[in-house]
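Here's what Swiss-Prot has on this protein:
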{"type": "BINDING", "residues": "Q11, E69, S138, G142, T143, G144, N204, N226", "note": "GTP binding site"}
{"type": "BINDING", "residues": "E69", "note": "Mg(2+) binding site"}
Amino acid sequence: MREIVHIQAGQCGNQIGAKFWEVISDEHGIDPTGTYHGDSDLQLERINVYYNEASGGKYVPRAILVDLEPGTMDSVRAGPFGTLFRPDNFIFGQSGAGNNWAKGHYTEGAELVDNVLDVVRKESESCDCLQGFQLTHSLGGGTGSGMGTLLISKIREEYPDRIMTTFSVVPSPKVSDTVVEPYNATLSVHQLVENTDETFCIDNEALYDICFRTLKLTTPTYGDLNHLVSATMSGVTTCLRFPGQLNADLRKLAVNMVPFPRLHFFMPGFAPLTSRGSQGYRALTVPELTQQMFDAKNMMAACDPRHGRYLTVAAIFRGRMSMKEVDEQMLNVQNKNNAYFVEWIPNNVKTAVCDIPPRGLKMSATFIGNSTAIQELFKRISEQFTAMFRRKAFLHWYTGEGMDEMEFTEAESNMNDLVSEYQQYQEATVEDEDFEEEGDYERE
């Protein structure tokens, strides 16, 4: 089987990671003790992608939990599925990273990283044929961002030919823990551009807006935001966990989704949007799902796809429905909105259907878009970064851990380059002979 090793780092990474395991364990019929109580062979057919089978027929997540302080991991251990995880796979320090990227990447995190790599090695060795790694983390803090990106580069060194996927939570002033989030996020993106194959950008701004506007929650909690994240992660990984033809492993997903190696930041979406506890009471139709799925309000990244163009798209429909209708609706969307899909990648929308719907829904749709509009998210962080960096505000916390200002400047320009690359391909047409001479024409 093609196995995936899952790593969760930092407070946010551990919280969304724990939710992810709750949701997929439920979908595969695995209870908190690791015992299977399912009702369909489909649940077990590809169970080995995420679970090891232990003695006594128990299923154990192939998950590694990392943090620089014990708090969050204690709550995961005490949570509903806390006993499911392998006890040796909890690796934590005591000092904390204090929301400081440099502590996670260069000092505190660097001391713990070898312990983590030992467990990564052990998990990888027990795999039959490892396809790659997935990391859940946030970019705004210290551990998930700093140590998370350190882990990525170390794993990359040791497993250069395996796929590296991240679910990265991007900070937003609307749901902010710390004033230095733009620094931490920019330093992280600088790493992700170079060292990951696929990054799902989960944007706290978008999650907050969905909870507030669509779900009418006046004061969304992290629990509400994480409910959306776990639904999205479950949808995105459906093709990896259940039998099917399309995007059935991380590499095939990357091949379909990433036309240029640096442009691998995806905008996820989900339909129908439901709040925790109140699953939708009316069944949706395929046209409604399709329409909702492409709607800007359903995107988990606060970017408007109408401000850019799609390079590639993958859609995953779940539930019992007519394949013919799904294909018709997807073609319909593309024909009606063909201006929003680059014309120099024909057939750039791929669709998969899985029979097993998520709990509480008859059918759902998950959207993965590689849109040039994601540049809006990087621009937002870049502006916040520049505002502080030009005054050198808070820099002493980073230089005190041995960082150089130069590294900040490099990270800033790498992210700005990324924005211009997205812009360049947004404006490119089939006729353009050479992409190099951009800048001659402004956007209409």
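Backbone N, Cα and C define each Cβ position, glycine as well.
Structural mapping of features recorded in Swiss-Prot.
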{"residue": "Q11", "record": "GTP binding site", "contacts (Cβ under 8 Å, 6+ apart)": "D67, G71, T72, S138, G141, T143, G144"}
{"residue": "E69", "record": "GTP binding site", "contacts (Cβ under 8 Å, 6+ apart)": "F92, G93, Q94, S95, G96, A97, T143"}
{"residue": "G142", "record": "GTP binding site", "contacts (Cβ under 8 Å, 6+ apart)": "G10, L68, G96, A97, G98, N99, N100, W101, K103, G104, N184"}
{"residue": "N204", "record": "GTP binding site", "contacts (Cβ under 8 Å, 6+ apart)": "G140, V169, V170, P171, S172, K174, V175, L225"}
{"residue": "N226", "record": "GTP binding site", "contacts (Cβ under 8 Å, 6+ apart)": "Q15, I16, K19"}
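Counting every protein chain shown, the Cβ of G144 (GTP binding site) has 34 other Cβ atoms within 10 Å. Binding residues for GTP (Q11, E69, S138, G142, T143, G144, N204, N226) extend across at most 23 Å, taking the greatest CA-CA distance. The most densely surrounded of the binding-site residues S138, T143 is T143 (count of other Cβ atoms within 10 A of its Cβ).
In three-state terms derived from DSSP, G144 (GTP binding site) belongs to a helical segment. Following the DSSP three-state reduction, the secondary structure of N226 (GTP binding site) is helix.
Under DSSP, E69 (GTP binding site) is assigned to coil, being neither helix nor strand in the three-state scheme.
In the three-state DSSP classification, S138 (GTP binding site) falls within a strand.
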